[in-house]
Amino acid sequence: MPDVMVQRIIQNHPQLMGFKALLHGACLLPALWIFYLGAIDSLGADPVKALIHFYGIGAVHCLLATLVVSLLSKKLRTPLLMRCRRLLGLYVAFYATLHIVCFLVFEWQLQWAEVIDEIIRRPYITFGFIAWLILVALTLTSFKRAQRAMGARWSQLHSLVYLSLALILLHFYWSQKSPWNQAIAYAFAGAALLYLKRSNLLNWLKLFK
């Protein structure tokens, strides 16, 4: 029965399936490639730092892409884009989780007391950790069943994506030694997206009044 359903989806939406396959490849292959380079010791003098940075940047790229696709899908009313938003959102959480796992395993070596101390003591790590928790919550509730079960609260929860963007950009900027670097470019891109989505932000803020 599941095979028949998959065949029907492919027959009825060949463009969607092809686009999603390309999207999977574009998002997944870089993560696997950088890990392979690390495994063969081809990431330079500090492979751990390179892995952590790459996966963190990957999360930023996927999050910005998700918000752009969300904006375009509503403006253009394109079903293909609308159906790809959740997939991109899942890869945001995927890259963010890899970013944290690299920290936990390679940088902190699973020393949980040190991990907790760092999260509490260093604000930029606190921001990043809170952003990750938000992304996990969004991922776990990204399915139709969760949307139906939560009702109006689902939209309120998923509007926290804007807060996660702000926290991630603060985390990234604060973690850099020099302020004049790529973090500035990402901050401008994030600010532009937040401005374009300002009506959504205002509606979200009204929910908390």
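The backbone N, Cα and C atoms fix where each Cβ goes, and this holds for glycine too.
Heads up, TrEMBL stuff is auto-annotated, nobody curated it.
Under the heading transmembrane segment, TrEMBL lists 21-40, 52-72, 92-112, 124-143, 155-174, 180-196. Residues annotated as domain 'Ferric oxidoreductase' in TrEMBL: 56-168.
Across the domain 'Ferric oxidoreductase' (56-168), DSSP helix (H, G, I), strand (E, B) and coil residues number 100 helix, 0 strand, 13 coil. Counting same-chain residues at least six beyond the ends of the transmembrane segment (52-72), those with a Cβ under 8 angstroms from any Cβ of the stretch are 27, 30-31, 34, 78, 81, 84-85, 88-89, 91-92, 94-96, 98-99, 102-103, 106-107, 135, 161, 164-165, 168-169, 172, 186, 189-190, 193, 196-197. For the domain 'Ferric oxidoreductase' (56-168), the model gives a mean pLDDT of 87.
If one looks beyond the transmembrane segment (124-143) by at least 6 residues along the same chain, the residues whose Cβ comes under 8 Å of a Cβ in the stretch are 59, 86, 89-90, 92-93, 96-97, 100, 118, 150, 154, 157-158, 160-161, 163-164, 167-168, 170-171, 174-175.
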